[in-house]
Each structure stands twice: as structure tokens, then as C-alpha cells.
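> Pulled these from Swiss-Prot:
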- 10, 77, 91: substrate binding site (BINDING)
- 10, 11, 18, 92, 93, 94, 102, 127, 128, 129, 130, 131, 132, 133: ATP binding site (BINDING)
- 18: site 'Transition state stabilizer' (SITE)
């Protein structure tokens, strides 16, 4: 039996912390699907990058991992996990502050899909302070992103904010 997992998230943008979790999850499972969530219509918080841009950035960051695929999905993560045959959903934990939310989310997933387990991986300590929101703020203000995101993501952020300033 092949063990599949889904690592869902907005990934707006993918960070080195995300890449770290993906690399480690890819060692634990036969196949890992990184699910880029695209269902933001009507929500107050809109992503900076489109779903297809986020997919492209993630694919470039993860192309060295042969057992990882990047998809775009909308709807419930547990429904998508079932649709792709995943037995587990991977979640990354940066700090104790993430735990309460992830704990509640895991119980909701369990309620909705008892057949899908949740596996939480602690981020490596050098990435424990990184969040996509923080990365976007640093990029917008012209800060140094070295070591925080893959180089191509840093370049995409610079270009995106240049474009937004022109508009």
C-alpha cells in the first residue's frame, strides 16, 4: 500500500520553512501532494499571488523532490485529501502559538473525515519565526529575504511589489 499525504496551505508565498516541512514529509510518505488553497473568493484577506503563481513558485522550490506534486484546490482540505487518496494531512508547527489552532483544526478534520489522520511536523528552529505574512511585509518594505525564501520567490516578491506600486 502506498502512503500518501496532503500538505495543504495558502503558500502565499512558499517560504524556506514550508520547503523544510515538505522535504521532511516527503521522507515519511511515499507520495506527498502540496495543495495550494485557491478558495479565497469573498474573503477579507486575499492572497498577494494568484493560485497559479503560487503553484509555479512552489513547483520551482520543490522540483528536486521526485515524490512531491503541487496541486491547486478549493473546498475542504479533508475532501481534497480523500479525492487524491491521501491517508494523512501534514501540518507544520512553528511555535506553541500555532499549537492551539492546529489542535482544533485536527479535531475538526477528524470529525469530518475519521479515515484521514493529521501529522504535525515541527519546523526546524532556523525557520520557526518565518510566516508568509511576515515575508510579504519585509519584501514590501525592501528588506533582505536571504535565507527566508527560495531566491526565485524573493525575485517574484520584488517584481510583484514593483507592479503594485505602478498601479
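Each Cβ is built from the backbone N, Cα and C atoms, and glycine gets one as well.
These figures come from a predicted structure and were not determined experimentally.
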> Do me a favour and check the Cα-Cα span between residue 132 (ATP binding site) and residue 10 (substrate binding site); whole Å is fine.
9
> Can you check what DSSP calls residue 130 (ATP binding site), collapsed to helix, strand or coil?
coil
> Tell me which residues of the chain lie with their Cβ under 8 angstroms from that of residue 93 (ATP binding site), as long as they are six or more apart in sequence?
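The answer is 99, 102, 120, 121, 122, 123.
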> Out of 10, 128, 132, which has the highest number of nearby Cβ atoms, where nearby means within 10 Å of its Cβ, if these are the binding-site residues?
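Answer by Cβ density within 10 Å: 132.
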> Count the Cβ atoms, other than its own, that fall within 10 Å of the Cβ of residue 18 (ATP binding site), considering every protein chain shown.
25
> Given the binding-site residues 77, 130, which one's Cβ is surrounded by the fewest other Cβ atoms within 10 Å?
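Candidates: the binding-site residues 77, 130. Fewest Cβ atoms within 10 Å: 130.
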> List the same-chain residues at least 6 positions away in sequence whose Cβ sits under 8 Å from the Cβ of residue 91 (substrate binding site), in sequence order, or say none.
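Sequence-distant Cβ neighbours: 7, 102, 105, 106, 118, 119, 120, 121.
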> For residue 77 (substrate binding site), name the DSSP secondary structure in the helix/strand/coil scheme.
helix
> Tell me which of the binding-site residues 18, 128, 130 ends up closest to residue 77 (substrate binding site) in space, Cα to Cα.
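Among 18, 128, 130, 18.
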> Give me the CA-CA distance between residue 10 (substrate binding site) and residue 18 (ATP binding site), in Å, as a whole number.
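One finds 11 Å between the Cα atoms of these residues.
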> Under a three-state reading of DSSP, tell me whether residue 93 (ATP binding site) is helix, strand or coil.
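SS state of residue 93 (ATP binding site) = strand.
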